[in-house]
Amino acid sequence: MKSRTLDIALRGTAAACALASAVLHLILVPSHLEEKPYIGVLFVVGSVPLLLVAAGLVVRRRPLGAWAVGALVSLGMITGFLLSRTVGLPGYYEPDWEPPYGVLSLIVEAVFLVALPVWLTVTGIREPTGTRADLRAPEASRPRAGATRLHQH
């Protein structure tokens with residue numbers, strides 16, 4: 001598979017995962033706002049960036065920021081889920097895995113996190129030439145003003 005095709009496939013997969021996680025959490029907001037309001041608010045706070053991540057992965061040419069935000073939010077969602085079922089959160093402990101929402105959200109968040117390093121490897125993300133990195137090059141490696149290159153034939 002060509003790297004451009006794989007790039008699009010990985011970004012599409014990650015966008016679908018971010019969207020799915022956001023929707024799964026937004027479905028649960030009303031019940032959590034009644035049961036434990038701060039959990040419902042956290043679901044909204046996590047879902048809104050995931051909706052933006054999904055859009056960013058689709059429309060941005062170099063969506064590294066979208067990937068980073070998506071990874072952080074996904075890690076936060078997974079951590080919150082696991083804590084709420086093990087040691088509990090302040091005033092909140094959930095004894096079961098809430099099928100299907102809990103398991104589905106864990107799956108899509110994990111797939112997002114797995115897709116990120118694969119995407120980084122496939123795309124070989126580097127700073128493009130002609131940027132600030134070129135300006136920071138050591139003096140010896142910069143061409144002198146008025147210097148010409150010799151071509152070898």
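A Cβ is built for glycine as well, from the same backbone N, Cα and C atoms used for every other residue.
Unlike curated entries, TrEMBL annotations are predicted automatically.
Keep in mind that what you see is a predicted model, and the values were worked out from it rather than measured.
Look at TrEMBL and you will find 133-142 tagged as compositional bias 'Basic and acidic residues'.
What TrEMBL lists as region 'Disordered' is 133-153.
Per TrEMBL, the feature transmembrane segment maps to 12-33 (among others). Within the chain, the transmembrane segment (12-33) has long-range Cβ neighbours (under 8 A, six or more residues past its boundaries) at 39-41, 43-44, 46-48, 50-51, 53-55, 57-58, 67, 70, 73-74, 77, 101, 104-105, 108-109, 111-112, 115-116, 119.
What TrEMBL lists as transmembrane segment is 39-59 (among others).
According to TrEMBL, the feature transmembrane segment maps to 66-83 (among others).
Among the features that TrEMBL reports, transmembrane segment is placed at 103-122 (among others). A Cβ distance under 8 Å defines the sequence-distant neighbours of the transmembrane segment (103-122), meaning residues of its chain 6+ beyond its ends; these are 3, 6-7, 10-11, 13-14, 16-18, 20-21, 24-25, 67, 70-71, 74-75, 77-78, 81, 97.
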